[in-house]
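This report concerns only the one structure given below.
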Amino acid sequence: MAETSIRPRRQRDYHLIPRQHPLVIDNGAFRCRMGWAGEDTPRVEFRNVVNKPRHRASGETVNVIGDFDPSLVKTFDFTRAAVRTPFDGNVVYQYETMESILDYGFERMGIEGDNQIDHPVLMTECPCNPAYCRGKMAELLFEAYDIPAVAFGIDGVFSYLNNRNQGVSEADGLVVCSGHMATHVIPMISGEPVMEAAVRTPVGGYHVTDYLKRLLSLEYPYHVNSISWEKVEELKQEHCYIAGNYHSELEIFQNDGPEAEEKTRWWQLPWVPSPPEKEPATEEEIARKAAVKEKQGQRLREMAAAKRSSKIADLENEVVGLEQLLLNLDADDEYSDALLAESGYLSREEIQSALTKASVSLKKLKGEAVQPEPEKVDETPDKEKYPLLDVPNSLLTAEQLKEKKRQRFLKMTSEGRARAKLKRQEEGLEREREKQLDEERRLANPEQYLEELRTRYGELAARAEGRKRKKQKNGSGASAGGQPATGTLVLGGRGERLSASQKERMRLLTTAAFDRGKEEDTFGTRDEDWQLYKRMSRDGDDDEDAEEDDAELARLEARLQEIDSTFQPTLGLVPGAQKTSVEVQAPKPLTAEDFRISLGVERFRCPEIVMQPTMVGVDQVGIGEMVEASLRRLPENLHQLVVKGTILLTGGNALFSGLNERLATELRACRPFGSTIRVVKAANPLLDAWRGASRYADSSALRKFSFTKEDYEEKGQDWLRKHKLIYSHANTFS
Amino acid sequence: MKRKSAQLDSISNSASATPVAESPQSSVVKTNNTSSGAVGGVSGSELSDSDVILPSVLHFKRSQLSDRYPKGHSRGRHWKHLKQIIQAENYLLYPPDEPNYISIDAPPSMYPAKKYCDITGFEAPYTDPRTKLRYANAEVFKKIRSMPDEFIQGYLALRNAAVIIK
């Protein structure tokens, strides 16, 4: 099928075709073939689809009929155009699409005419085409193209007749026509199909391709964009075959031996190797980088120093100015008020405090040890400080009462402060003592101490790890599966048991939702009710506990690092510990193998759906049993006639290698012992239907059995229900 | 010698004269192929355009289907799907022995359907109760359990067993 990618050329010899010469159209669900009666090959052949891309320049949508041509992408935007087919299953239902296709086909045929096509048409249709479809097709042909007559025949039967003519098949037999959308089995008696015994399963080449495409897309989700329908169709045609014995073939692959490898095909996707890995930096490089860094640091340091010195100068100026001001104030009292007003300070005390503040910060900047501002220990007894506290309220005025309140507050806060300070001091002492004790223990028995430390650390780390995992599991529960990349395979997901606390939470939530409305709603009248929300929001584990553990863990880790040089932190709570794990996770560069799609089992698994439609959920018999089913529908006396004749395989799926042998074995298993079974492949499974039709149209039979325009106008579409070709008309086939 | 050269000539002639995609000639219709040689003279872009887009006026056409079924105000324009077509056919009104689209439908198999692993295609002795996927061995099971839901549904859809939420 190499020629399929070429768009058909317009035929230029129309003027040589006699008028009224029949047109033959094999209107298959996959490909449409058109040609003149009596010829050996169709003139025009294309995929029976319409694409409606947008013209990039003008923006208008156009109909592009037939095979997808990658060269058109330049002029047309295909991104939003869906491929339309006139078929639903194996039946034509969209007659507007069909019209576009016929337009294209007739135009390619070079047909010229004055508002009419003066050629009778013989068109193929599916077996037992519904009368409605036949009527609509006739309407389209008569009304739009004004053809003189039309006849409809079955593609598989035409193929059988053509093969009979070539001596491949006999007058009696059976045609197995596995097309694009469906597979048919039709018994043939003396050259006539027995439609009463025909059998159809809606599985065909399209489904095989679709199955393969979906399988590959699921297996290689990263390459979904490369797995186009056209490409998969090509892969199918090239690599797929029907296994002689499906189960033994599967076993070959299950054992995964050299034979399986031999049978595996690879499809290498276009792949650009990633740039070679960066070589580890040389010492010079490192030194250079360090120098650059050092230089930058130096500059920053210099800037900071300059800023500091300027600030020191400012402060010094301020201190000197303030001191001068104080001296001036001391020197003469007369002008002190004027001086104060000039300086902007309100009082001498204020100037004093500003001076101390400035000098303290100056000292700080200069790096001198600053004496912590001596806590003004108020030695004044409480009695003097808070004189009003001891006086009974009754003796005080309103003003004084207010003052008393303030004093009491001040007293309380200062007392609290003192207590806190004391406590802090005590704690510090305690810690110091503990540390000392620790150190002593270490010095007494360093080995044992280290061991203890390690076990304690291990315990805590394990606990933290467990907590982390639990949290992760809860988190990934919704997405079912989580990421296995985290190292520990997380088997969370649907149906996973909930922990006790989670269960409790769920119970609370559901009762909260459903308890309402039973009786009078009293929720919230008691204070305990509100505790419910607290319990609900608790998410399984106690976080406080975890925090404490983490702090302890970090402390232990730091201590261990301090005294044990061989220590490796497992959790990375201490910064700097994560470095190693990051290095390990550096992505592996992609290789050609990552861009390779393997076809192993798929090679025979996909075509197998024609033999076993249940594999794709179609609960109907496969080809082998179809023959049986067809025979069952046939009167007993005809069985022998059919079985002794030829079983002809035609249609696109007949191209799968191994189908003959497989069907023969399956039939032999069902038929009585010793029956002869002759399964043959059509001479050309794709073209024979058209060729048979072409021969038929070339005989006088067409005129006899076709439905003319006069019939159409007189009797109407309904009459077409009874339309039936007699295939074995006297002079049709020898 | 003479005869040989003549033969050669005829071969080369026929080779050069045979145009690109012309079909072999039949006995009935005598066609003349010389005209198609002109196609090669047309420039590439013109050729592709004229090959792809139909001319706006097709002289052989009497009417456009869209004229018969104008957009909007006709039920005829709505094309029935196969299911609706079959329903409308009313096969019950016709003699039961007359074959029709439904009667030729294949029956279900007489044998129990074989179960195959949804992932590998091997024979599958097990079914995962959680995902309902069939699997061949523990390795596949592990894979199934770590698979996102989307893929599980994708594999189920292959055999038409996916959960469809409408």
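The backbone N, Cα and C atoms fix where each Cβ goes, glycine too.
Owing to the predicted nature of the structure, the values given are computational and were not obtained by experimental measurement.
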Quick check on the annotations: TrEMBL lists region 'Disordered' for one of A:408-443, A:516-551. Which range is it? A:408-443
Mean pLDDT for the coiled coil (A:305-332), rounded to an integer? 86
Taking a Cβ cut-off under 8 Å, which residues six or more beyond the ends of the coiled coil (A:305-332) line up next to it in the same chain? 339-340, 343, 348, 351-352, 354-355, 358-359, 361-362, 365-366
On the DSSP side of things, how many residues of the region 'Disordered' (A:408-443) fall into helix, strand and coil, could you say? 36 helix, 0 strand, 0 coil
